[in-house]
Amino acid sequence: MTVVPTVALTGVTKRFRGTAALDDVHLTLGPGITGLLGPNGAGKTTLLRITATVLTPGAGEVVLFGTRPAGPEQLAAVRRRLGYLPQEMGHPRGFTGFGFVDYMAVLKEWTDRAARHAEVRRVLELVDLDGVAARRVSALSGGQRRRLGLAQALLGDPDLLLLDEPTTGVDPGQRVTLRQVLSRAGERSTVLLSTHQTEDVAALCDRVVVLDGGRVRFDGAVADLVATAAGRVWLADAPDPAARASWRTGTGRHRVVGQAAPAGAEPAEPTLEDAYLLLLGERARTTGVAA
Amino acid sequence: MSAVLARPAPSTRGATLRTLAAAEARRYARSPVFLAGVLLLLWATATSLGDLDDAGGDLAVVPAACLGLAGVLVGHSLTRSTSRPGDAVRAAPADGALRTAALALACLVPGAVALAWAVWVALALAAADLPVAIGWGRQAGMLATGVVAAVGGPLVGVLVGRWTRFPGAGLVAAVVLTGWTLACTAGLMMTATRWGTLVHLNAPFATWTSADGPDAPPWLAGGSPWWYVAYQVALCGLAATAAMVHEATGARRTRLWRVLAVLAVVAVGCLALACAADPTRVFL
Amino acid sequence: MSTSTGGWHADEDLLSRYVRGDAGPVAAASLEQHLLRCASCRDRIAAHVPVPLLDAAWERVRDEAVAGRPRRLERLLVRLGVPAPDALLVATAPSLRTSWLVGLVVTLVFVGLGAAYGGDRGLTFFLLVAPLVPVAGVAFAYGPDADPSHEAALATPYPATRLLLLRTAAVLAASLPPVLLAALLVPALSWTAVAWLLPALSLTAALLAASTWVRPTVTAAALGAGWTAAVTSASRAADPTAVLAPALLVAYAVLGCLALLVLALRSRSLTTLGSPS
């Protein structure tokens, strides 16, 4: 390959008090949107933190934009080109929405006031917050705060965008807006998107990485992951306790995801969620009622 | 689950308060600052029991500092940590005033430890068969001031945690209480009048013994220890009620303001009665 | 009210000269009077105003409305010569906010009262609190407890050490002079009113050095507990001012220098999350 990948992780391992949060992870990312799926505690946040250079790996190598960020100069050079939305994103007290993004812009070396304010307004418009920018952050809703966090990650149109659950608490209408923003960003930048929402991944990503127990369980095209569930999803009249998962859908029938067809069932079109449940196997063995 | 509590009937409210108070009490008992305070209390008492004969009464300063003053920090941090998750806690069935009441009840944990301590010291005094020059009534009153201070400190912490939002507020409150207490010892340097007693006793905690010089005989300050304890209890009530006012709404808030006014009058009355007693010093 | 102006209207040349600012004071003043009453001339003058200029003015108005005025502290820092972006970053520290400074004043009033009237215990109290004031301030100036957006801020190119030192300097500048002033106002303190500065600076340096391992609030709590133990045990033994003995003052200075050295050597670890939450 002649193009230098934006992110190249080789054998990255990170342990916290003996438990491996990441265990020998190899990952190469180039332009486009990659979805990162996995249950809680799978290591998604650790992977994003390490890629965002805010956490050093215990072992393995992290290469970003073709350089290993070892010295302060290289670290700053890498950080100039990345935007990061952490999972836990608080806001210092007393800021307005505009003031907070402005503060982050100063940290991102936008020293000229006029240019910085123009950029802050641009990203606030992108996430559809320009109308409430003069309000205090404490007066904003959870979804608005999440979008504010996304706005600061978008400052300066970064080449690498790392987003840890950007759509938490965001209503469906806003989620569509965010998808538009992200898909536009994915045209030229490398976007790594950690989420619990398989619909987001299905709607946005060309590639999906599934983490479980600190290891990469799947890395490939979204369509390929969905294809693994072909012939293993059915609609039945009764729940199937032997299946990986089965739940009552809004139509009154039961969606069954498993290895064997229950009696009287008809095959159904698999979704990314079905494939994800099958991949995680026994972890997802649940029988419940879904709305 | 919580759906049962959706319609708060009076009995449900009491049950919720009991559950919440028990949970807060457990959190209090597990707080590292509280546990360190208890260890310090044991150590300080063990090292001071030796000089019981001359300044036995002022042992109360030990629980006041180890449990009361440290409790300001504990009460503050417990209050802040329940209000931090914001939306999630606000949506819970128990309302704010109830949660504050539960926190206030949890402040009885250090009080219970201080009470056990006071009983232990009283038994040690009795077992040592020391001449209790000041009489058992006064001695018990002076020990009680330490017990009330051990409850009052945490209550001030809860109060400050409810009404302020900046992180160092607990420390500032602890400094304010200490400064106030120390400044009031000026009353011991004044001549033994009722005004001197007022300067001495308006503090949230007071020591009772002093001496006119390093080699002079120690004496016991004038004023009534038991009325002073009543004043302290009224201050505790003020702190707890004022903390609950912050989250209360509607008629309950109005009622709490009235309680606050009554308690303020009671506090002033108790202080006046404590100072009205004979101001003469008793040489030990 | 009539808009009639007796049939006279400004010609295009006058309007364009007025917009350029070349009309001369008398003509400009009378044209302004006229424009107030004549709608048709107001319409025509609009064509002479360059659009970019209008846009720029509108931009500035909108910017002022949304961005608001910089905070008081930020303006003060800029007036003192701090570059505007740095001033914005420094002013964000919780321990430089008004509520914290009010807390400091309240603290000083009560420490002063205690020290003035509390005899030996008052002196102990002063020695206990004064050196810990800057430590508490620095602890709440940097790190995940002071700045809820700390993790996002770490991923930016702004040097973390620079931010830490800027905020430390601001906290010291804001907290040491008031404590010193309050101490000098209490005659009972005599020379201890100044001598506490050395342990204060040494403890602050230790806090900075330790913050390369653990979060500053945790270190501050440990330093506070240690200092409290030292002062109270000195006070119980005989004399609280034993913590300011000449030999110890030298030790504080040495420890402070060592701590700064450690900070310089380990500043790299400030650029990452020390202990993951």
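Keep in mind that glycine also has a Cβ here, set from the backbone N, Cα and C atoms.
Positions annotated as domain 'Putative zinc-finger' by TrEMBL: C:12-42. What TrEMBL lists as transmembrane segment is C:100-118, C:125-144, C:164-186, C:193-214, C:243-265.
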Across the domain 'Putative zinc-finger' (C:12-42), average pLDDT on the 0 to 100 scale: 86
Listed stretch, out of C:125-144, C:164-186, C:243-265, that has the most CB pairs under 8 angstroms to the transmembrane segment (C:193-214): C:243-265
Tertiary contacts of the transmembrane segment (C:164-186), as residues 6+ beyond its ends and Cβ separation under 8 Å: 77, 86, 89-90, 93, 95-96, 101, 104-105, 108-109, 111-112, 115-116, 126, 130, 133-134, 137-138, 141-142, 192-194, 196-197, 200-201, 204, 208, 211, 270
Within the domain 'Putative zinc-finger' (C:12-42), residues counted as helix, strand or coil by DSSP: 26 helix, 0 strand, 5 coil
